[in-house]
Amino acid sequence: MGRAGPSAARLSAFIFLLGFLLGFLPVTPARADDSARLEATPRRAAEGSYGVLSVSHAPEACGRGGDAFLAPASVRLLWEGVSSGSSGTRDTWPSYRVSGDSFLVGFQYPNVSDGDRGGSHTVVVECRSADGKSWTRAGTTTLDLERLGQDAPSYHFGGGPGIQIGEGAGSEAERRRTIRVENAAHECPGGQVRLDGRALATTLTSEGGLGYVTAEFTVPANTRQGRHQIALDCPRGTLISYPIAVSRTAVPADAAPPAANTSPVFSAIPKPSEVPWGLRSVATTLVVASALILLIGFPADIVNKTIEENRQELEGWFRPWVAWLRRRRARMGALRIGGRTLSALWASPRRQFCWFALAAALLTTLIDPAIGIRGDTMMLFFGLLVAFPVTTLVYAVVVESFARRFSAGVTGALSVLPLGLALAAFCTLLSVVAGFVPGYVFGLIAGYATADGARRRLSDADEGRSVLAGTLCLLAVALLAWVALERTHDGTWLPVRMLDAVLSAVFLLSVQTLVFGLIPLHMMDGRRLLAWSRPAWLGVYAVAVICFVHLLVLNRRDVLRRGTAPAFASTLALFIGFGALSLAFWAYFRYRPPQPAPADPPAPPAPPDPPAVTGSQP
């Protein structure tokens, strides 16, 4: 037996970490009362300008005429408590539901009547009852109405404050919106539209002499359902900021099917412009990634120490299985196909690599939640079939080139990794069980090994540097492929879709190969990197985990409309499961009954005495 195991401090830290992660479970705050809260944007504008009214904690009697996201003519605004219809502006306006008792209203400032110089006005807000036959008072607010030409800006929000996004990416035209500000106080060169602090691609037209600014933008397809904030930022400050309501809707049963070459696995990967980079989003990712790294680091250290202390016994466990596999391989190799044995067909390393790539692509295609003999599944298989060799060779060739340099020219030959294929199959099984899209994958199916009789004598530093070089190259390829998705992800031309499938598969395989392949366990390259430099391992592994969490878990496209919680829960369960199995592995050797020491072999019997010699001298 070995040491006593992890210290109490490590176990306490591990338990604390699990409790800390439970804090991410959503908690719904209790309502203090049923009084409505009203907030208008903008609060001061010229006649004819448009605005957005936010109503929260509406009375229960305020039914808006139904529970639909869009309720036409469901809210009434009475300026000074009376109708403004005589001024040419209607009273009733559509509303967009945000939650059960909250909604947004798009309205228009009325024209200023003759003899009125404008100024502050009290506005009574009423909403239609659930039966649609009466009006319920929601509350009052104060707005400043000015005549045109009185240095008051006029606003127009093209598309209104509500947007419905269908399952998947949806139509880009339906998500396109405009902001127009007339009589702006200053020019807005280089203006930028932001969604919840995240910069969006903006087409800006600014004419300071004419006093107007127009900004066109597209709401990302992966925007979550609920309330969001749109802001037009200019060099001198924010010109306007207003809320929008987003509703995610399922595709109707009679709707046209999605593009024949779009897989849900690839559709779930967001484009760079769709990923939030606000402080809150990045902070959440950093917290989750840090927790996952801790769930990997401590258990891996426990497993490694347990293996080192019980190596001979563990090798004895697997020795019969290895012998059995060798016998089966010899029998299979003797089979003949077309007059040639399987051994001859399998002998070439290139053939082995091709067969492994084909098998890995077929196995990984099973992560598709809607798998079938259709164009989208075929496109997924095509992308994986190209991406497996790319991912493997980018990493393996770089590692081999550095190892060859450090070993004074000792060369290695490409050799398939059965363990890599087994890990790919295991990741596919996890994806199917968890229902996680875009799925868990592993893309390293081959590496370089020295020929029989040739040995490399590499120090820990040389091995670590080789692994670091391969890791950085694979990470760079992954990020470049992801950036290129900005141009290909919404393409419809078949060659563009094929290129998008390859880029998506390369990004997916590369990031997750680093996440799983750099786990610092025996027989994994993460162990070699950690043995050389803990900071180097932590740096590259943190980047890989952050990419995985931020791009593939928390901010992926919700193509199945299940929300972020199931994806986060399945990923968290995966890492917690690794920690639990590691502790169980350690506990088996730590707390099992003492093994009896092998008895000393019996002493050999004493040799018989030699026979007496008798006789006489000659």
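Cβ from N, Cα, C; glycine included.
From a predicted model like this one, the values you see are computed outputs, not experimental measurements.
Annotated compositional bias 'Pro residues' per TrEMBL: 596-611, in sequence order.
Summarising the annotation, TrEMBL assigns region 'Disordered' to 596-618.
Summarising the annotation, TrEMBL assigns transmembrane segment to 277-298 (among others).
Annotation source TrEMBL lists transmembrane segment at 353-373 (among others).
For 379-399 (among others), the entry in TrEMBL reads transmembrane segment. For the transmembrane segment (379-399), same-chain residues at least 6 beyond its ends with a Cβ under 8 Å from one of its own Cβ atoms are 261-263, 265-266, 353, 357-358, 360-362, 364-365, 368, 414, 443-448, 466-467, 469-471, 473-474, 477, 497-498, 501-502, 504-506, 508-510, 513, 525.
Summarising the annotation, TrEMBL assigns transmembrane segment to 406-426 (among others).
If you look up TrEMBL, you'll see 432-454 (among others) marked as transmembrane segment.
Positions annotated as transmembrane segment by TrEMBL: 466-485 (among others).
Residues or ranges marked as transmembrane segment by TrEMBL: 505-524 (among others). Within the chain carrying the transmembrane segment (505-524), a Cβ under 8 angstroms from the stretch's Cβ atoms is held by residues 265-266, 269, 296-297, 300-301, 303-304, 307, 380, 383-384, 386-388, 390-391, 394-395, 419, 423, 427, 438-444, 471, 474-475, 477-478, 481-482, 485, 530, 537, 540-541, 544-545, 547-548, 551-552, 578, all 6 or more beyond its ends.
Summarising the annotation, TrEMBL assigns transmembrane segment to 536-555 (among others).
According to TrEMBL, the feature transmembrane segment maps to 567-589 (among others).
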Other parts of the chain folded back onto the transmembrane segment (406-426), taken as Cβ under 8 Å at six or more residues beyond its ends: 349-350, 352-353, 356, 359-360, 363-364, 396, 400, 441-451, 454-458, 462, 465-466, 516, 523
Would you say the transmembrane segment (536-555) and the transmembrane segment (466-485) are in contact under the rule of three or more C-beta pairs closer than 8 Å, pairs 6 or more apart in sequence? yes
I need to check the long-range neighbours of the transmembrane segment (432-454): which residues 6 or more away from its ends have a CB within less than 8 Å of a CB in the stretch? 264-266, 268-269, 353, 356-357, 360, 364, 366-367, 369, 387-388, 391-393, 395-396, 399-400, 403, 410-417, 420-421, 423-424, 426, 508-510, 512-513, 516-517, 552, 556, 559-560, 562, 566-567, 570-571, 573-574
